[in-house]
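**Student:** Below are the features I grabbed from TrEMBL:
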- 9-44: domain 'EF-hand' (DOMAIN)
- 36-65: region 'Disordered' (REGION)
- 77-112: domain 'EF-hand' (DOMAIN)
- 113-148: domain 'EF-hand' (DOMAIN)
- 183-269: repeat 'Solcar' (REPEAT)
- 277-362: repeat 'Solcar' (REPEAT)
- 374-462: repeat 'Solcar' (REPEAT)
Amino acid sequence: MRGGPSDAERRQRWGRLFEELDSNKDGRVDVRELRQGLARLGGGDPDRDTQQGISPEGDADPGGGLDLEEFSRYLQEREQRLLLLFHSLDRNQDGHIDVSEIQQSFRALGISISLEQAEKILHSMDRDGTMTIDWQEWRDHFLLHSLENVEDVVYFWKHSTVLDIGECLTVPDEFSEQEKLTGMWWKQLVAGAVAGAVSRTGTAPLDRLKVFMQVHASKTNKLNILGGLKNMIQEGGMRSLWRGNGINVLKIAPESAIKFMAYEQIKRAIRGQQETLHVQERFVAGSLAGATAQTIIYPMEVLKTRLTLRRTGQYKGLLDCARQILEREGPRALYRGYLPNVLGIIPYAGIDLAVYETLKNRWLQQYSHDSADPGILVLLACGTISSTCGQIASYPLALVRTRMQAQASIEGAPQLSMLGLLRHILSQEGVWGLYRGIAPNFMKVIPAVSISYVVYENMKQALGVTSR
């Protein structure tokens with residue numbers, strides 16, 4: 001209560017801490033004094049959130065630090081945040097956090113830690129040897145230090161969908177409450193959309209070759225990578241390698257926006273009073289959000305396939321392609337292949353998430369001795385491996401979807417259902433027939449990931465997205 005004994009006691013404690021940190025006795029605490037004070041108290045460097053709190057942006061004298069009143073106000077906000085987090089970890093609400101609650105909290109975030117690791121985390125905060133952490137121990141440990149045991153793991157290992165490899169079946173990005181309040185979420189989405197556009201444009205020839213081989217390659221028509229590229233260049237010149245790329249880029253923005261909004265709504269419905277979602281719940285929410293986005297933008301997927309496969313002069317452009325499909329085949333043609341496309345979300349998103357979580361847990365258990373930050377190379381490798389595994393699992397359904405989208409545009413091609421087409425491919429070409437075009441698909445993964453990451457980082461700087 002404001003003005004009560006607890007408030008007076010807190011202000012006295014903050015005043016003592018302020019005096020201890022204010023080494024030059026100028027009535028202000030800056031980042032340098034904070035570092036020196038934490039070293040004296042046996043702590044490491046302050047986290048970046050704390051440094052920004054001590055030298056906030058927009059301060060008249062950013063190098064001047066904070067006076068006692070500003071310092072007290074900052075610590076009050078920090079303690080409120082710490083108290084909320086303490087209550088969320090104290091699952092039985094007994095006022096203490098024990099080893100099992102630490103393990104449960106990490107498990108809810110999709111991170112498996114051993115009993116030994118949980119005890120190590122608890123020991124770092126337990127000052128009275130009770131093997132539990134009360135509010136005072138929690139507060140004193142984290143007041144000026146990073147919340148590295150929980151928040152850093154979540155921050156550094158956020159499975160970002162910025163690694164655009166041309167498929168939009170991944171579980172959407174997670175954004176913290178702070179990112180939502182500060183508006184950083186939409187800047188990150190914009191940066192990701194631009195990165196995806198540049199990445200897809202850079203790898204468009206390989207994407208067109210993949211679609212070409214999915215539809216036209218067979219036992220009798222043996223298309224290889226060089227032969228396929230040669231045929232496309234002979235038919236339409238170098239520019240033909242980018243056919244279908246325009247709409248492939250155009251659909252990024254609406255799909256990302258719809259998926260993000262649907263994911264947030266579905267998460268809210270699943271979560272209820274919970275603070276975080278379990279990995280299985282994230283998978284369900286992500287899959288439903290992906291299905292929602294695909295249902296709304298699916299006609300663009302059909303148009304992309306038709307424009308990618310078009311012959312020179314067949315369509316004047318996007319609108320002419322849509323008009324011809326509607327006139328000759330009717331509105332239902334814009335949803336050909338919809339069922340295998342939606343079904344493909346489940347193996348893709350599920351395996352992508354499962355492999356990423358497995359790789360993350362393995363790294364955290366073996367190498368996270370000093371920091372939860374794995375470094376960019378480890379993150380890129382984990383993201384690339386998990387996405388590639390997801391693609392392998394869902395590729396047969398993606399191939400069936402593409403062939404169904406293209407059926408009416410191929411003279412003499414039978415108009416088959418999903419199961420009919422699967423049976424036809426297996427009887428005519430065997431299991432390998434379900435993986436036609438996977439070679440150029442693999443070839444584009446590394447350049448796509450590299451391009452999207454470099455562009456994303458530059459866009460973040462241009463948009464002023466702050467990271468820890």
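Just so you know, glycine gets a Cβ as well, placed from its N, Cα and C.
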**Student:** Can you work out the mean pLDDT of the predicted model over the repeat 'Solcar' (374-462)?
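**Tutor:** Mean model confidence (pLDDT) across the repeat 'Solcar' (374-462) is 87.
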**Student:** If you run through the repeat 'Solcar' (277-362) with DSSP, how many residues end up as helix, strand and coil?
**Tutor:** 73 helix, 0 strand, 13 coil
**Student:** In the repeat 'Solcar' (374-462), how many residues does DSSP call helix, how many strand, and how many coil?
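**Tutor:** The breakdown for the repeat 'Solcar' (374-462) reads 75 helix, 0 strand, 14 coil.
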